[in-house]
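**Q** What TrEMBL lists as transmembrane segment is B:20-40, B:52-71, B:97-115, B:155-172, B:178-196, B:208-232, B:322-341, B:348-368, B:374-396, B:417-437, B:457-481, B:493-515 (among others). Annotation source TrEMBL lists domain 'NADH:quinone oxidoreductase/Mrp antiporter transmembrane' at B:172-467.
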Amino acid sequence: MPDTATAASGLGTYLPLVLLLLLSFGFAVFSVTIAPLVGPKRYNRQKLQPYECGIEPSPQPVAGGGRIPVKFYLTGMLFILFDIEMVFLYPYAVAADAVGMFGFIAVTIFIVAITIPYVYEWARGGLEWD
Amino acid sequence: MDLAQGGPATALGVPSIDVAAVLPLLIVFTAGAVGVLLEAVLPRNQRWPAQVALSLTSVVGAGVALAVYVTGDFESTTTFRAEEASSGALAVDTPALFLWGTLLVLGLLALLLIADRSVEPGGAFVSKAALRGGAAGGTDTLTKEQTFTGMQTEVFPLTLFALGGMMTFCAANDLLTMFIALEVLSLPLYLMCGLARRRRLISQEAAVKYFLLGAFASAFFLYGLGLLYGYAGSVKLADIAVAAQGTDRSDTLLFAGLGLLAIGLLFKGSVGPFHTWTPDVYQGAPTPVTAFMAACTKVAAFGGLLRVLTVSFESTSWEWRSVLSVVAVVSMAIGAILGLTQRDVKRMIAYSSIAHAGFLVVGAMALTEDGLSATLFYLLAYGFTTLAAFGVVSLVRDSSGEATDLSAWAGLAKRSPLVAATFTVLLLALAGIPLTSGFVGKFAVFEAALSDGMAPLVVIALVASAIAAFYYLRVVVLMYFSEPAPDGPAVTVPGVFTTTAIAVGTIATLVLGIVPTFALDWASAGGFVF
Amino acid sequence: MTPTYYLLLSALLFTIGVVGVLVRRNAIVVFMCIELMLNAVNLTLVTFARINGELDGQVMAFFVMVVAAAEVVVGLAIIMAIFKSRRSASVDDTNLLKY
């Protein structure tokens, strides 16, 4: 049957590709496993650093025993709040012409309502990183 | 994707908003927002007077707006049948208006308790929420920062937001609005629990417990919402009711949804097996906040439960009624029996509130007009009583703050006859002795339940009230017939705010007990409309 | 694709969240499990919206996300306050309130 023949030959043309894939996969596994087994182990300070260049983050987070300053949490919390509120503006932006004046007023009220806590946060020093 | 078709070409209909109907709600929320602004712009020493003035004015103003709406064209045109406000998100019908009135009055009294600075110098709230407690328990000496007489005035906007959330919750006409309102009322309460000036660690612990369990329960509520949305294709209570009458849909979705939804609602009402947070949170929170929670949260939670059961699930009541009966029995039993073992006044009232929640479920299950009005009346009466009771609890103090241990209350009548007499009246009302509002409330609820064929449940409820009466009377006996301890607590003479709150609560308890007819008429003026 | 699979997945996620709340000891992890429950519900809502061929469920998911964010902020604030007091976020250590 010509159909199966072309199908078989079609598959056959992919055979080298598959073999190459297997070969490269095997080589990757082989080199990753063999390197620590046979290679020399001479560690020094530089090699243990997470980055080869640049500034080492200090103090180290959880693994290093240090703690992340609580300020990060505070700022993160405030960010999440104001960030997520914005989700309501996307549907409005898409449907702005359909919802008309009513939608505009509603969105304005919404923005005023989230500006108030922003003012509060600013005035009470929530944005200062002392 | 076919969902994205349509585009913005077709103009959406503009929803109509009946501003007069929702004006009380708008006033409360706007005042909350203005309160946040005041916190931002005012110097520290001006915040307290400004916040007190703003919050009291706004609650009174909302009450006036409500009264104007009820006495105005509302009555003449719609004859106590509701109209749907806010394009169907809120149903401002008669029960909702009654609950709003109840919430505003109770909220006003709670605000008075919260604002008081005479009982504890500077008020019952810490000056900075970040202040940490002392040693384990953190009971005794106050640090210098804690004695600083300022207070965290954010508590006023928080109270207003919570109050607004409760009002929305009672009137919510679809489950999504109800969920948002549930969170709007809960989130401020979680924070307010952690603001006690004394016993910081206990207060913070109460906040963590309330928060984790509350968020857990509202996740259940939300999953119930999701399943009911799948069942009915809509979260409007009326649409669910229509869908529940057809039989071609999956009952699994309906009853799983109802069950999960009920868990969230019953948790907020501190009913039965979902009560575990109640004693801890009531004990740990600052007493004015406990009063606010005990009175107003219960009103809101049962308002929501009543609406969901009456509007959406009346046609399936045969299926869920037996389950809810078990819940009611468990709640009454837990409240009555565990209440006996308590040694702390605040915990004791907390267990009493669990028992009362059981009675309220009995009323809410009746699903008749009588059941509805009886439950509404019960909520009003119970709110006044429990609020005044916590007000009295905040007065009995020793050097380390409130003396909530029952042993400290021995012989209180000899030291302060007036306070002991007031507390006795309130305890008798909680026990349901005639001539107090508690008796009328129980009578109305049990009568409605009897006429709806729930006689066994009423018998159990009567037994539970008899058991619970024992521990209320034990406190009365303790106050009148024991010798006071030599180093016992002193009764603080309260300022105007606390005095007003306790007096109004006690007088309302007596008035609703002696001439309850007018309030019963208000409560029975109409039903939920959908 | 059958939408039922998504419903099953969301039920599974919700259950994982419930079990997590019940067995985990760290307040932050308990809280993350609650968030998992909320987001499982979001999946349910979106799936039902797809089944019904309408947008309501997706809009509801927006609301749930916003509520979840507000809850995160309040919750983390409370947990941080108690952590400052007792240097521990374990829910087993919050045991002062007992009868």
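Using the three backbone atoms N, Cα and C, a Cβ is placed for every residue, glycine included.
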**Q** Mind checking which residues reach the transmembrane segment (B:348-368)? Cβ under 8 Å, same chain, six or more beyond either end.
**A** 266, 269-272, 275, 278-279, 281-283, 294, 298, 302, 305-306, 309-310, 314, 317, 321, 324-325, 327-336, 338-339, 342, 374-375, 378-379, 382, 386, 389-390, 393, 406, 430, 442, 444-446, 448-449, 451-452, 454, 457-458, 461, 464-465, 468, 471-472, 475
**Q** Go through B:52-71, B:97-115, B:178-196, B:417-437, B:493-515 and flag the stretch with the largest number of C-beta pairs under 8 Å relative to the transmembrane segment (B:374-396).
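**A** The stretch with the most contacts is B:493-515.
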**Q** Residues sitting near the transmembrane segment (B:457-481): Cβ under 8 Å, six or more positions beyond its termini, same chain?
**A** 325, 328-329, 332-333, 335-337, 339-340, 342, 345, 348, 352, 355, 358-359, 362, 406, 409-413, 420, 423-424, 427-428, 430-433, 442, 446, 449-450
**Q** With a Cβ cut-off under 8 Å, give me the same-chain residues at least six positions beyond the ends of the transmembrane segment (B:20-40) that come close to it.
**A** 47, 50-51, 54-55, 57-59, 61-63, 65-66, 68-69, 72, 74, 83, 85-86, 90, 92, 100, 104, 153-154, 156-158, 160-161, 163-164, 167-168, 171
**Q** What residues in the same chain, six or more past the boundaries of the transmembrane segment (B:97-115), come closer than 8 Å to it by Cβ-Cβ distance?
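**A** Apart from its flanks, the transmembrane segment (B:97-115) reaches 24-25, 48, 52, 55-56, 59-60, 62-63, 66, 69-70, 123-125, 155-156, 159, 163, 166-167, 170-171, 287-289, 291-292, 295-296, 299-300, 303, 376, 379-380, 383-384, 387-388, 390-391, 394, 497-498, 500-501, 504-505, 522-523, 525.
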